Amino acid sequence: MSGVLSGAPAARPARSRLRFEGDMRGLMALPALLFMGIVFALPLGLLLAKSVQGADGLTLNGYARVLGDAYYRGVIWDSLTLAFRVTLISLLVGYPAAYALARTGGVMQVLLFSLVFLPLTVSIIVKTFGLTIMFRREGILNWLLINTGLTDGPIRFVFTEMSLVIGMVNVFLPFMILPLYSVIRMLDGRYLDAAATLGAGPFTTFRRVVLPLTMPGIVAGSSIVFAISVAAYVTPGLLIGERYMTMSMVMAKAFLNFRDYQLGSAMACVMLVIALSIVFASSFLTRSLEQRGGR
Amino acid sequence: MNRSKISRRSILAAAGTAAAVTGFPSILRAQTREIFIGGPASPGLTDVLFPLIEKKHNMKILFEGTNSLINLEKIRNNKDRPTMTVTMMDDPVLVLAQREKLIQKLPAEVTTLADLPALAKPADGMWANWCQPMCSASHNTQKVKGVASYADFWDKTYRDGLILISMRITQAVAPLLAATQLATGKPLAECLKLADEGFGKLRELRPNILQVSTNAPQAQQLLETGECLAYLAPDSRTTLFRKAAGAPVDQSYPKEGVIAMPAGVALVANGPNRDLGVTFINELLNPETQAMVAKTFYSKPTNTKTVLPAGLTFPDMVVLDWEYFADNRNKWIERFEREVAAR
């Protein structure tokens, strides 16, 4: 290490050794890359091929059917707006939770961690059915509203967009909290002290110090939640059914009912492009934020 | 100090023990033969019907209960090396299976076929209908006193009170034909080929639709808890089975008629253990089992020699042309999703 810093001739072998070790560390990702190559990239390639495969050779007819049909464009728009709403609410709910998780310790932290992790151990189907029971006309939510005098009679919650959004936030919230927690935990408390010393109030400290420094966590959490929300199938199916069609439901219909692989694959590729755009954009945003923070 | 010696005797003893430990389960397995069946996730199959057949014929039934289209997809994917021997699907899906040569004609060894009417042996005996469940509507008895006509469901008293089964599920033919009947005034039996005329009427039902569901257990649960007033349309296998278990639900018998759902059973083409498959189908269609099927599944038996248990009767049911349904289903799914299910 000292050789590297000194720039002495003796440093050359050390530098190449470091590069070699770096390459070797890169090789550690090989099993994961192989695994993902076989179970993700290969089927994806096949899917892409199916989407442009027509009876008479290559065609973009599948994409024309998806993007040229107002109904399917509506389905894409509905999937995107649903994912956006779920991401936004997850962020608003998840950020304070992640902050509390990172800044507390002892029993409280264990308790908060349990609250984040325990829902992950419960099947989506169980959680979703549980929500349906809670949202019923005779469920606890309506009971509370009526008994607190907020409403005169039961309100319909089941199979509404509101219950869908709440249900999806419930399922995906941990995926927002965990990346946020890992970034907030690394936040150096001395920055907060310095801001306070310079006369900044809590809101200004949050806006000018905490928020910019935790932005990579916000971007990472939001991109994860958005990507899995836009592709959700089970939760929308159980919480609202076919009255709110999503891209995944169209794919299921195309593959299973219609055996229309071209339509299903084209819709899958459209969804993939959306998800990849989000991942690349968030990655770019995180990198530029880090560079700005570094300066 | 005694040294342990490896003798011929100890080797033989060890080999004998190893053979007993590892081989015995195989011997047991060899005595009880296994048959893999794919079929519906209806109540009563794995807990009532199959145990009886297993005991009577010393076979082990490995059953996978799911909806017919998923079942078909599994058979398609294993076409070159089938693992399933028997498939139990509804007729519109068996029509597709027949066209793709995924099932084989029932052989002469299925002797019970002789006692089935021609209508219960579609496509010249490619498969058999082992029962005919009733399909109309199901209502919550604490909220609805009875359903005199399908037209009742269009009344505003049912606002946000109906769950419609998705057109992807065969039973969705009931609300479609009910709408067609109301729109055209034709008898229910003539409505299948006029079904396109029923979509306008079905669209009028939208204010009353709470959900369009592909998840039958969830819909059934919501019906039983009173969250919805009626569910169009599970068949009698579910409704009357749950009624017998004490759930506050009942089959609706609207004046326009009740549709016969076709529950088919077929041999998978080139499936393993064909002889066991034949035994299973013969057992399923024999008059004694059919009487038990009628009582357990609240479905009309197809074997004409069946003596119905005392007190059990079935109304005359409307029998549909399922080949026509299969040919038009995709078009109707598309129309249903765009015109009825969409917000």
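For all residues, glycine too, the Cβ spot is worked out from N, Cα and C.
Over in TrEMBL, the protein carries these features:
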| type | residues | note |
| --- | --- | --- |
| DOMAIN | A:76-282 | domain 'ABC transmembrane type-1' |
| TRANSMEM | A:27-49 | transmembrane segment |
| TRANSMEM | A:82-101 | transmembrane segment |
| TRANSMEM | A:110-135 | transmembrane segment |
| TRANSMEM | A:155-181 | transmembrane segment |
| TRANSMEM | A:217-241 | transmembrane segment |
| TRANSMEM | A:261-285 | transmembrane segment |
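For the transmembrane segment (A:27-49), the most Cβ-contacting stretch among A:82-101, A:110-135, A:155-181, A:217-241, A:261-285 is A:261-285 (pairs under 8 Å).
Same-chain residues lying 6+ beyond the ends of the transmembrane segment (A:155-181) with a Cβ under 8 Å from its Cβ atoms: 82, 85-87, 89-91, 93-95, 97-99, 101-102, 116-117, 119-120, 124, 127-128, 131-132, 135-137, 139, 141-142, 145, 214, 217-218, 220-222, 224-225, 228-229, 232, 235-236, 238-241, 243-244. Sequence-distant neighbours of the transmembrane segment (A:217-241) (same chain, 6+ residues past either end, Cβ-Cβ under 8 Å): 79-80, 82-84, 86-87, 90-91, 94-95, 98, 124-125, 128-129, 131-132, 159-161, 163-164, 167-168, 171-172, 175-184, 211, 247-249, 252, 271, 274-275, 278-279, 281-282, 285-286, 289.
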